[in-house]
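These features come from TrEMBL:
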type	residues	note
DOMAIN	1-231	domain 'tRNA methyltransferase TRMD/TRM10-type'
BINDING	Val136, Gly137, Asp138, Tyr139, Val140, Leu141	S-adenosyl-L-methionine binding site
Amino acid sequence: MRLDVVTIFPEYLEPLNVSLVGKARARGQLDVRVHDLRAHTHDRHHTVDDTPYGGGPGMVMKPEPWGEALDAVLASGEGRPVMVVPTPSGRPFTQELAVELAREPWLVFTPARYEGIDRRVIEEYGARLDVRELSVGDYVLAGGEAPVLVMVEAIARLLPGVLGNADSHRDDSFAPGAMAELLEGPVYTKPPEWRGRTVPEVLSSGHHGRVARWRRDEALRRTSAHRPDLITGRGPEGFDRHDRATLAELGWREDADGRFWRAPEAVEE
Ligand SMILES: C[S@@+](CC[C@H](N)C(=O)[O-])C[C@H]1O[C@@H](n2cnc3c(N)ncnc32)[C@H](O)[C@@H]1O
């Protein structure tokens, strides 16, 4: 997979040389190219921003450097990349999107600063490319570089051969499959006792069925406590009888259509 990042802070992307992504690059599984937006300015001060039309605080990134930089990136490869525009006003970046983007051969990221990029840039490339405006969460960061690091890591670990154990992401929170859209429960390793705290006995029972059931119950408990929105309104499909009993213990009820809901007074601490 090829990844291009256009930024005014190329050094911010240094972590892409480390750990899993760094190793994938070294093995040739990922071709990461970071470009300095300021190399596409032509004034003495390498200006990339200007005041907003319509007034108001903050500055807006000028279209010309972005246009020149993106044209150069597009001209340097075959085919059309998917362009990923990090923005708090985008659609939420989810595991499902990470899976989808991991299938693409080429992604171009455009992390912005200031109040963002002149809208015409998104329109211009949106007419030629699949452009995704994506948010990494409901908060506002100073720039899009950290969101790019987040998205690249989420995508890269899904590429074939990047994770040591190909099964590692199968049971992740949000992973499609057995634990579909449930958060992953707690995990433990050796020693069996640490500061007087022991590991739940079932995990050393060697009984695969009981271990799987325990993990599933913990996933239901954690999801119910931390992300009830992942359960509210879901139908009975994907939940077996035992799941439904666990959910009932946690205060969940099924309505006439079999959809789960929970009265506010039933919320556990
Ligand atoms: C200060 S923010 C601009 C915020 C903009 N005024 C708004 O409210 O939508 C500057 C840049 O940081 C990045 N950014 C900030 N928060 C983000 C988030 N939650 N997800 C993705 N990108 C974000 C985007 O590239 C954005 O253009």
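Backbone N, Cα and C atoms are what each Cβ position is placed from, and that goes for glycine too.
Among the binding-site residues Asp138, Val140, Leu141, the ones whose Cβ sits under 6 Å from an atom of ligand 1 are, in sequence order, Val140, Leu141. Annotation for Leu141 (S-adenosyl-L-methionine binding site): same-chain Cβ neighbours under 8 Å, separated by at least 6 residues, are Pro88, Pro147.
For the binding-site residues given as Val136, Val140, the lowest number of other CB atoms within 10 Å of the residue's CB is seen at Val140. Compared over the binding-site residues Gly137, Asp138, Tyr139, the count of CB atoms lying within 10 A of a residue's CB peaks at Gly137. The S-adenosyl-L-methionine site, placed at the center of the C-beta atoms of Val136, Gly137, Asp138, Tyr139, Val140, Leu141, has further neighbours from the same chain whose C-beta lies within 8 angstroms: Pro88, Ser135, Pro147. Per-residue pLDDT, averaged across the domain 'tRNA methyltransferase TRMD/TRM10-type' (1-231), gives 95.
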